[in-house]
Amino acid sequence: MKVADLTGLPDGVPEHFQSQGIEELYPPQAEAVEAGITDGESIVASIPTASGKTFIAELAMLSSVARGGKALYIVPLRALASEKKEEFEEFEQYGVSIGVSTGNYDSDGDWLATKDIIVATSEKVDSLVRNGAKWVDDLSCVVADEVHLVNDAHRGPTLEVTLAKLRRVNPNLQTVALSATVGNADEMADWLDATLVDSSWRPIDLRKGVLYGQALHFDDGTQQELARGKQKETAALVEDTLGDEGSSLVFVNSRRNAEAAAKRLADVTKNHLTDEERSKLREVADEIRDVSDTETSDDLANAVEKGSAFHHAGLASEHRSIVEDVFRDRLVKVISATPTLAAGVNTPSRRVIVRDWRRYDGDVGGMQPLDVLEIHQMFGRAGRPGLDPYGEAVLIAKSHEELQELFDQYVWADPEAVHSKLAAEPALRTHILATVASGFAGTEDELLDFLERTLYATQTDETGRLETVTQRVLDYLERNGFLERDDRLRATGLGHRVSQLYLDPMSAAEIIDGLRAAEDDPTALGLYHLVSRTPDMYQLYLRSGDRERYTEIAYEREPEFLGHMPSEFEDHAFEDWLSALKTARLLEDWASELDEDRITERYAIGPGDIRGKVDTAEWLLNAAERLASELQRSDEESLPSATTTAVREARKRVQYGVEEELLDLAGVRNVGRKRARRLYAAGIESRADLREADKSVVLGALRGRRKTTETILENVGRKDPSLDDVEADAEAKATATKTANEAAGNGGQQSLGDFE
Ligand code: ADP
């Protein structure tokens with residue numbers, strides 16, 4: 001089937017595809033068209049990675065928009081939202097408008113009403129539905145990318161419930177679910193009343209194999225000798241690919257391993273660069289160092305300079321996209337990555353090397369083999385159509401037995417079936433409250449009827465399980481004042497708030513109890529600890545020595561904690577309390593202006609992790625503030641208003657990463673925590689000061705950076721921001737430099753104390 005034969009798309013779109021080199025539809029794409037994808041039919045497409053799923057989604061969305069409808073594309077990761085938006089923006093020239101919804105969970109996103117195609121994560125869509133976004137009623141097409149993630153215990157239930165809700169609101173909704181090849185795509189199609197397109201076709205041949213010793217064994221029975229001498233397996237494989245002008249992706253099981261592998265493999269790639277590549281890579285390395293001045297940033301830049309890189313979820317997003325771009329431009333020859341890269345980002349390469357097929361599993365307390373599904377998704381990244389003659393995916397065996405095992409377990413094996421994780425209590429707690437609060441169910445019967453539309457209900461044979469858990473959850477929600485139950489189900493004011501704030505009801509209950517227990521002015525640490533012990537915060541792990549360290553801090557600062565501290569003999573509860581304390585201390589360090597670099601060192605985490613914790617804390621403290629006002633409105637034993645003020649201040653300090661005295665300055669765009677401190681040290685203590693101060697002092701305090709200074713003066717609303725004829729004040733500059741060095745040297749406040 002030819003692109004030119006497609007009908008029902010906006011004018012100009014088929015020609016656009018042709019100009020992109022898409023003339024002929026891939027077989028699974030043609031199957032989707034035959035099944036009516038451009039006529040509004042629902043489809044589940046279970047096809048291998050890189051086989052043109054996005055094109056199928058585009059056909060569905062664009063034809064729906066051409067008929068006057070509105071489409072929603074649900075992405076699995078926030079990091080993918082902007083990538084997809086950019087991809088779809090190519091269609092704006094044909095009159096199709098695109099919007100992406102990220103950011104806060106508690107807005108209704110009304111501005112999206114005018115967009116034809118909206119991109120968002122399932123959490124975001126769920127929250128928009130809870131907040132009553134009206135445009136949701138106008139949707140005619142929804143695409144769920146990576147729908148096999150319904151199998152994921154943490155994120156699956158939200159995707160599942162969101163799809164069920166959207167389909168309930170719009171009974172004629174075209175549902176397009178894109179999935180990796182899974183064992184039971186037919187069940188998903190049943191659930192979504194969709195036609196199944198199930199194919200193993202790939203646009204480029206994939207050879208799968210296992211390396212053992214010097215021999216690379218392929219699934220077609222052939223073997224290749226790899227003269228590797230003393231070289232490690234991975235290095236030899238990368239070198240071998242380079243000999244053929246090809247790039248490699250190496251999958252490992254932890255961030256630390258990804259960084260270490262990138263460093264080692266740089267020694268291989270550095271010998272395969274041209275002078276031109278070397279000089280371009282030096283520029284890229286500078287760009288990387290400019291993003292942030294952390295050790296991770298330096299390590300990445302050092303590796304990239306030699307043609308090697310690492311990629312994991314702890315990287316800053318700017319770093320991630322730089323790495324992806326230079327890899328696609330073939331400047332960087334190898335990326336060592338954790339499996340997050342396999343899940344979405346489009347970085348195909350000639351050879352995929354799965355070095356680690358086991359990963360540490362905290363629930364089990366040991367190494368566990370990865371799912372076939374995950375390994376096959378990594379495999380799927382091998383081979384760039386049009387660029388490589390074929391793709392190759394390789395596992396590494398340590399023994400002869402393992403060679404056979406890996407063939408049986410992964411190369412020949414079929415991917416697992418996916419199973420709904422909805423019946424777990426934490427998932428149901430959240431979703432049942434939201435379902436009632438946003439009016440999807442007004443009685444217990446209606447609630448069960450709604451839950452019947454989920455994948456869980458389609459899959460389970462266990463009669464009564466859903467009813468039992470539902471009853472337990474309803475009891476919990478009633479006991480905590482989120483729901484009222486008689487012959488009808490009603491969310492209370494508090495329940496509505498909790499649902500809109502996108503909180504796990506258990507987090508809300510913890511926060512409410514903590515705020516009620518606060519006697520007068522809670523401290524920032526007390527509040528950080530409170531939000532860190534809710535199930536919505538991923539706490540830091542305790543490492544060796546941490547138990548003693550944080551136990552000591554716990555006793556020292558006991559009066560600051562809100563609510564009851566478990567005794568040391570309640571082993572599990574006490575450990576959790578300490579993990580929350582460690583997390584709270586990280587937030588306190590951040591809000592006390594400790595250098596990013598020092599924080600990553602002290603807690604052995606990446607800069608991206610600080611950002612993650614800070615964002616979550618900001619969100620939870622914002623929620624705490626709203627809950628506090630809700631309690632003030634509805635409660636007889638009302639909270640003192642000082643509590644709300646303290647919460648607000650703690651939130652702002654964590655948001656900007658500064659002490660209280662810098663809050664005013666740090667909020668000015670482009671100022672940030674470090675510059676605010678330097679300005680303050682030069683005697684500029686507020687926005688008003690910044691508007692009035694001698695410009696040469698401002699320039700000095702900002703270490704002579706003219707462009708930055710002008711921008712900042714403009715942002716603070718100074719009448720005449722121009723720096724013509726202004727010279728930096730030498731004293732202010734010296735003070736600023738000293739402040740910067742102090743921050744880097746002794747880690748800010750002495751009183752924080754150092755661990756090492
Ligand atoms: P998936 O989402 O399945 O991982 P993509 O949709 O990203 O895969 O497609 C992979 C690549 O294949 C993209 O670069 C895309 O432009 C290209 N592509 C898709 N369909 C066709 C086609 N029919 N002909 C040629 N190239 C195609």
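Just so it is clear, glycine is given a Cβ too, placed from its N, Cα and C backbone atoms.
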Look up region 'Disordered' in TrEMBL and report which of 631-672, 715-756 it refers to.
715-756
Could you give me the DSSP helix, strand and coil counts for the compositional bias 'Low complexity' (733-744)?
12 helix, 0 strand, 0 coil
Cβ-Cβ distance under 8 Å to Gln29 (ATP binding site), same chain, at least six residues away:
Met1, Gly52, Phe55, Ile56, Leu59
